[in-house]
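*Asks:* Below are the structure tokens for one structure; questions will follow.
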Amino acid sequence: METSSGGSSDEGRRIFKVDTWCSQFRNGSNPWMARYIYALMFLIANLLAWAVRDYGRGALTEMERLKGCHGARDCLGAEGVLRVSLGCFIFYFTMFLSTTGTSKMRERRSTWHSGWWSAKIILWIAFTIIPFVLPATVIRLYGDVAHFGAGVFLLIQLVSVISFITWLNDCCQSDKAADRCQIHIMLLATMAYVICLVGIISMYIWYVPQPTCLLNIFFITWTLVLLQLMTSVSLHPKVNAGILTPGLMGLYIVFICWCAIRSEPGGGKCIRNAETSTKTDWLTIISFIVAVLAMVIATFSTGIDSKCFQFRKDDNQDEEDDVPYGYGFFHLVFATGAMYFAMLLIGWNTHHPIRKWTIDVGWTSTWVRIVNEWLAVCVYRKSLF
């Protein structure tokens, strides 16, 4: 029995290393290539949800199952997004249940994860169609659950980002690279702080055109205070974490603060050139495309970072036949990501008016971002002790 397993393992490694990508795709032997296909399917689901929201209201109005909206324009668009999201969630959650716990490449569940694409595409299409025949009450219930699932996704992404920053700092401060990377660390940290300050000043210029914009002043100023707090804690003698990690974390929270203020509804007095923010132009379209791609890339990169979520670290060296990343965790991240992109497209509010070619706009979106920023600082501070 052991000889048979070893032969199967050797054969799988031979296919993985020697065969062409087309052969690996057909044989289901390359989990690294499989993740790109899952990401492409996720991107298609995102674009489908956007198309249903912005251009599918006429078709949705004709569907008997959607009469719970009473023909309301914003409700129909939101429900369409939630239905596409539900289908995407069911697909990836099914993959999570069928692949979780896979540890060896020779297992059949590994082949299922990396192959059987014809069956999985049919399954994906079926799961996308089924939610459109469900009653509106089920979709509204899913919308409530999706708020929680999207929050879980943000938390997973947050831990992944902090884990990467900590790993990068540990690599630079290791005994082998400490002397060689000292100058690089100083340059990178200095550049990070300069970008943070430039970003904060730019936000004051663009989003505080008058002294009455107290909320934006609070958001930006508090971000500056948090940056100073992270730096002080990192340089404390009992912590001594250096200046690289707070600098990189500063970039992260400044970016989140910018996203939060950008999510504020257009037309207000606290956005410079606010009258142009309500028009759909090429800049709005480009921003939307970049936002969608960034969301897919963030989901993709977080999905393969399962080791930072292991409660018990395994000191044993990885064997050649071990799976390269946690399949179950990978699909779980995409399942919660399906809920997250639904919340972004509807502004975290099923009855919120949504303009075409916009994403993550609304006061709910703003406060979700701000709370995520504050939570990021709390998690980072806790990781230092």
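Residue numbers in this text run from 1 along the chain shown.
Glycine residues also receive a Cβ, built from the backbone N, Cα and C atoms like all the rest.
TrEMBL entries are annotated by machine, without manual review.
Dumping what TrEMBL says about this protein:
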TRANSMEM  36-55  transmembrane segment
TRANSMEM  76-97  transmembrane segment
TRANSMEM  117-138  transmembrane segment
TRANSMEM  145-165  transmembrane segment
TRANSMEM  185-207  transmembrane segment
TRANSMEM  214-235  transmembrane segment
TRANSMEM  241-261  transmembrane segment
TRANSMEM  282-304  transmembrane segment
TRANSMEM  324-346  transmembrane segment
*Asks:* For the transmembrane segment (145-165), which partner among 76-97, 117-138, 324-346 gives the most CB pairs under 8 Å?
*Replies:* 324-346
*Asks:* Can you name the far-off residues of the same chain, 6+ from the ends of the transmembrane segment (76-97), with a Cβ under 8 Å from a Cβ of it?
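*Replies:* The answer is 38, 41-42, 45, 48-50, 52-54, 56-57, 60-61, 66, 68-69, 113, 120, 123-124, 127-132, 134, 136, 139-140, 142-143, 146, 149, 327-328, 331-332, 334-335, 337-339, 341-342, 345-346, 349-352, 354.
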*Asks:* Is the transmembrane segment (324-346) in contact with the transmembrane segment (185-207), using at least 3 Cβ pairs under 8 Å (sequence separation of 6 or more) as the test?
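*Replies:* Between the transmembrane segment (324-346) and the transmembrane segment (185-207), which are separate recorded stretches, there is no contact, as judged by 3 or more close Cβ pairs.
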*Asks:* Report, as numbers and ranges, every residue of the chain located at least six residues beyond the transmembrane segment (241-261) whose Cβ falls under 8 Å of a Cβ in that stretch; write 'none' if there are none.
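*Replies:* Counting only partners 6 or more residues beyond its ends, the transmembrane segment (241-261) has Cβ contacts under 8 Å with 161-162, 165-166, 168-169, 172-173, 185, 188-190, 192-193, 195-196, 199-200, 203, 207, 216, 219-220, 223, 226-227, 230-231, 233-235, 360, 365-367, 369-370, 372-373, 376-377, 380, 384.
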